[in-house]
Ligand SMILES: Cc1cc2nc3c(=O)[nH]c(=O)nc-3n(C[C@H](O)[C@H](O)[C@H](O)COP(=O)(O)OP(=O)(O)OC[C@H]3O[C@@H](n4cnc5c(N)ncnc54)[C@H](O)[C@@H]3O)c2cc1C
């Protein structure tokens, strides 16, 4: 089951002139606006020893885990060698499950990652979607400069921030009111949700292994050590950075080797 994160909501019921018809109107203060993303490591079975265990099975068999404790330097060297020469499969024998809450447009990009990932997302058919919406924070660069394929993002002016925030909030309020009205009119959730925008937050469990996570991080984060630069959208990068921090704690040798070898997945 996906965790239901309910937020208090105030839907105002309007009485029409005949005193009978009720049209739900979402009051502005009942919407929740967020600029951040949530990433929690909810379950894991992942360590550097899993990599060594898989890599050494052909020679050391069941002894491989003992080897790790005996000679940590050799273990570090082996992980680095596997990363450098792109022997990828030993990095698959582990598992990490993340709970992620982020705007739908992030999930749309996220789920393009097909290999080594499992997803379960909250349903807009089986539950009423909560009015939680994304508004870029003050530190989100707003202006794109340069030609396609070679552009940079620069700070927005205070006026631009105000314009974005005002337009998004107004649009979210309208769309959520339309959603609520359809539900009040007896329309099915799966139909009414068509009114909702991609700035709405969703939540999911995403399970991966170190190899598939490295591939994701190589594409969805910008990093000074990256041999092949990528230019991800900032909001999916925010998710990637939080996942990376969790993974680094679980598999420090693998993480160090990933960085030392240009952040290219093996
Ligand atoms: C900065 C950026 C901009 C992007 N812009 C766009 C865009 O404008 N439009 C758009 O549609 N997408 C866009 N994407 C998505 C991108 O094209 C990929 O779908 C996404 O990054 C997932 O990468 P992947 O296919 O390598 O990952 P996975 O699906 O996880 O695949 C991992 C690897 O498995 C192999 N593989 C998987 N499936 C196949 C297959 N069918 N055949 C052969 N090999 C396979 C490949 O080696 C692949 O790299 C963008 C991605 C990034 C990072």
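All residue numbers here begin at 1 and follow the chain in the order shown.
Each Cβ is built from the backbone N, Cα and C atoms, and glycine gets one as well.
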Legend entry - Identity of the dUMP-site residue among 74, 193, 263 (reference: 109, 110, 111, 112, 121, 122, 123, 124, 125, 220, source: TrEMBL): 193
Inset, instruction - Given that TrEMBL annotates 112, 113, 114, 121, 209, 210, 211, 215 as binding FAD, state which candidate in 89, 101, 230 belongs to that site as well. - result: 89
Inset, instruction - Starting from each candidate's C-beta and looking 10 angstroms out, tell me which of the binding-site residues 111, 210 has the most other C-beta atoms. - result: 210
Legend entry - DSSP state at residue 121 (FAD binding site), helix/strand/coil: strand
Inset, instruction - Could you check which of the binding-site residues 89, 113, 123, 125, 210 have their CB within less than 6 A of ligand 1? - result: 113
Inset, instruction - By Cβ count within 10 Å, point out the most packed of the binding-site residues listed: 113, 125, 215, 220. - result: 220
Inset, instruction - Could you tell me the maximum Cα-Cα distance in Å between the residues recorded as binding dUMP, namely 109, 110, 111, 112, 121, 122, 123, 124, 125, 193, 220, rounded to a whole number? - result: 29
